């Protein structure tokens with residue numbers, strides 16, 4: 001493909017076939033936001049059902065489906081893809097690379113995630129969504145009637161494949177594609193934490209893949225791994241799920257930690273306190289993340305020694321996390337703090353997340369866990385860490401990087417309304433749930449009886465959920481109402497890292513010349529020690545770019561066709577789907593695809609136009 | 001332009017003295033490790049076939065031999081001992097560690113025996 005041909009494409013075809021990390025990142029954000037909205041609607045429906053005792057807005061069966069879809073959606077289809085969106089867009093810019101290591105796989109990862117998510121949602125229209133909770137414990141899941149759980153298994157299998165591909169891609173990118181001078185210990189913290197999160201993806205997702213495979217064989221082909229009457233063992237599922245599931249929550253929170261470590265120094269006008277301690281704390285959290293999965297299973301009956309070991313290991317995680325919290329506080333200490341929306345989310349995160357961390361240590365106390373297990377206390381805890389940590393991080397990242405990504409600044413006025421409403425709504429929803437849990441309200445119940453002292457707090461919780469929904473609508477309004485703020489978008493926050501050195505909108509090749517990195521926070525260093533411009537590490541030359549391709553969509557679509565074949569036992573569909581997938585992979589393997597070059601004069605012209 | 005060179009193109013000209021020596025050394029290492037692996041594999045077969053190892057120890061014994069062989073394979077046949085393989089070492093060993101943890105957990109924590 002020539003340069004001219006690569007430039008002339010219609011919009012839809014361009015987005016379907018793109019392999020540009022920036023466009024894939026925006027696709028991830030759009031896909032993640034779509035599923036985030038769906039998951040939010042499910043949450044609000046559940047809160048309305050629990051607003052008053054004995055409500056009958058939804059049936060108990062529907063409630064089970066809502067809670068399952070809410071959990072599954074928020075973890076796999078909203079939080080992770082939204083983080084992947086920012087990682088995709090920002091990491092290559094932060095390390096001074098022109099793209100990720102495998103642009104083709106990057107696009108493939110997105111389409112697998114998106115089609116997997118859609119497959120999961122098709123179940124709503126085919127007689128019942130999955131209803132066994134996001135953890136899908138056997139035998140509840142293996143004996144669940146209908147096709148709901150089959151959609152769960154295959155949808156997650158396909159989207160999990162996409163996540164695994166994305167994780168490997170980030171690992172290879174960060175190891176191999178750093179600009180000259182960007183040593184590992186000069187990498188921005190967001191890149192570091194995404195790197196560790198990608199390692200966790202690489203090692204944790206295989207356990208989920210195996211678990212889902214066993215469940216699929218059990219449900220679709222009558223295998224007996226979990227069937228006790230055939231000598232199977234149901235605990236295997238719980239172990240496999242949590243060996244994946246616990247690292248999964250660190251996969252979510254570590255990139256969010258990275259975002260705060262970018263936002264706080266920028267708006268405190270100080271370099272990050274204890275950079276190397278932050279890096280090692282991230283690594284230690286990643287390592288300990290694999291040591292603690294059985295704290296989700298204290299009440300299974302593993303025995304006192306096993307429980308004690310996992311309890312102690314879990315509490316140990318409070319140490320590196322505490323190091324991080326103190327480093328953020330000390331970064332703020334004596335800084336010139338700007339209360340922008342992005343920074344407000346970072347500042348709101350610190351106390352909110354600490355509260356979630358404290359209840360985490362309470363839950364880790366294995367003896368007390370018998371009291372807390374499966375109550376609203378657990379619900380309150382994990383919403384405090386996931387909303388107070390991950391979602392606040394996503395919103396901070398959105399306000400922080402929005403100018404670079406979309407070429408306009410989100411309105412600060414609407415942003416502050418959004419932040420305060422969301423913060424108040426969040427604490428209102430979940431703070432009271434601690435006490436609901438301590439009073440004995442079990443999680444996942446479709447209704448509760450009056451006169452048990454649960455009425456008032458459930459009502460407060462629901463009102464809080466409404467506030468969060470209003471806040472989210474304000475965010476949507478801000479996104480559409482702020483498009484006129486097109487001034488000062490190249491470096492609006494007086495940034496420190498390389499992504500603020502490239503023009504906005506970012507040219508498809510990112511850097512006309514690969515940058516030379518001379519210190520941690522390279523842009524800040526050049527602003528104060530140099531001439532304010534990043535030095536180039538190479539002469540201006542032609543830039544080699546990958547071709548756009550429709551094969552990622554084709555490969556993913558084939559897997560979806562095959563999944564329908566598996567769910568409904570239609571052999572031709574299975575074969576047809578695999579022919580599409582493997583045919584597309586075959587074409588990819590044998591077709592020579594050398595990409596194209598952007599000529600020097602185009603790059604020079606861009607530079608003169610200040611693009 | 002130099003940026004258009006194909007990195008996978010065959011090398012031109014004869015190898016230098018230094019490269020030749022390196023290649024010779026590598027050939028020797030590969031041969032020795034190959035013989036070692038054949039020895040280990042036959043040890044596994046012979047020890048079980050001839051009942052030389054007591055029954056209770058047979059499975060740990062073969063697993064031990066297998067472990068040694070995996071490490072030799074990784075380091076000599078798959079070149080994990082060379083320079084510039086730091087990250088590969090980190091990743092492989094982390095992966096093995098997590099896998100061992102998983103297998104260990106499934107062996108010890110799902111049975112009737114409580115710990």
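Using the three backbone atoms N, Cα and C, a Cβ is placed for every residue, glycine included.
Checking TrEMBL for transmembrane segment across the ranges A:103-124, A:125-146 points to A:103-124. The stretch from A:342-364, A:414-436, A:566-587 with the most CB pairs below 8 A to the transmembrane segment (A:456-481) is A:414-436. For the transmembrane segment (A:151-177), the partner stretch with the highest count of Cβ pairs under 8 angstroms, out of A:272-293, A:305-330, A:342-364, A:376-402, A:566-587, is A:566-587. The stretch with the most CB contacts under 8 Å to the transmembrane segment (A:342-364), chosen from A:189-216, A:236-260, A:272-293, A:305-330, A:376-402, is A:376-402. Of the two recorded stretches, the transmembrane segment (A:189-216) does not lie close to the transmembrane segment (A:305-330), with fewer than three CB pairs under 8 Å once pairs fewer than 6 apart in sequence are set aside.
Using a Cβ-Cβ cut-off under 8 Å and counting only residues 6 or more beyond its ends in the same chain, the transmembrane segment (A:566-587) has close neighbours at 147, 150-151, 154, 216, 220, 551, 554-555, 557-560.
Within the model, the domain 'Cytochrome oxidase subunit I profile' (A:7-518) carries an average pLDDT of 94.
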